[in-house]
């Protein structure tokens with residue numbers, strides 16, 4: 001029997017544990033049909049091929065599709081992917097994303113060739129309905145010649161290498177802690193206000209409309225302004241007003257994550273950090289000339305031990321549901337580390 005030294009056993013187990021732990025922390029949310037799920041045709045290929053890329057992101061995470069380049073003449077379907085999506089794998093039931101998944105925002109596109117989109121990205125919106133899949137497709141099409149047999153003439157045939165993008169939109173257990181200033185009953189935010197109703201009822205009252213939410217560690221927060229209002233500060237959640245009315249950089253206080261600033265839809269989202277060291281209040285404003293200001297105020301409470309444990313549990317559950325293979329691998333690596341460490345002392 002080969003006897004391994006303590007240092008060798010410890011070294012191998014430690015490296016394995018670190019490598020798999022690092023892998024667990026990396027979650028790939030890209031369907032890359034250029035370099036990963038390749039759609040190139042093989043020599044003598046005579047049949048179509050389909051490849052599936054399945055993504056299971058968390059809310060507010062970004063998903064990306066890479067489909068074609070200046071050298072790869074692929075086509076993305078629908079051409080307006082993420083503005084429109086299919087509701088099934090058979091390229092049927094085309095839906096507008098804002099109607100199919102309420103609260104959708106933040107589409108990003110990149111084009112390497114004229115009049116053709118090669119890369120699209122999309123932030124997963126808060127979804128209060130049961131989880132649902134959405135689909136886009138990347139295709140590489142080729143016409144081949146089929147040689148005739150028994151005296152029959154040759155014929156032409158189209159074959160398609162198709163990449164299917166399946167994205168599972170997760171479901172939230174509770175509404176986003178926030179304010180929707182466009183409707184009295186918001187489907188996404190915990191509080192809703194109809195600016196028209198408020199204006200009619202309080203036409204003589206010039207006081208601003210203040211909506212306050214109390215939030216804790218790891219909570220989703222956000223707000224929506226009417227389309228004809230502007231947002232102050234422009235980079236809300238990167239910075240915000242403190243109670244003195246001074247614009248302050250939130251990075252120095254809270255370090256919010258998953259920030260979405262969608263000025264096109266006037267919708268802003270973010271997530272509080274898992275640890276809040278001090279109570280903190282800040283606000284952002286929806287403003288319009290000669291109109292009441294619509295004030296979104298957040299009261300972020302200091303983390304208690306229970307809150308910190310709860311946020312850890314939530315993070316743990318997210319990893320289980322979205323990276324189960326890697327999580328299992330890290331457990332195996334950890335067990336390997338313990339066993340190998342023990343053996344190194346008895347060998």
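Glycine residues also receive a Cβ, built from the backbone N, Cα and C atoms like all the rest.
200 is the residue among 54, 200 that Swiss-Prot labels N-linked glycosylation site. In sequence order, 223, 231, 232, 233, 236, 237, 240, 241, 268, 295, 296 are the residues near residue 284 (disulfide bond), counting only same-chain partners six or more apart with C-beta under 8 A. Summary for the glycosylation sites 28, 147: the Cβ-based neighbour count within 10 Å is maximal at 28. In this structure the alpha carbons, written CA, of residue 265 (N-linked glycosylation site) and residue 225 (disulfide bond) are 8 Å apart.
Recorded residues residue 286 (disulfide bond) and residue 53 (disulfide bond) have their alpha carbons 40 Å apart, per Cα-Cα distance. Summarising the environment of residue 265 (N-linked glycosylation site), the number of other Cβ atoms within 10 Å of its Cβ, over all protein chains shown, is 15.
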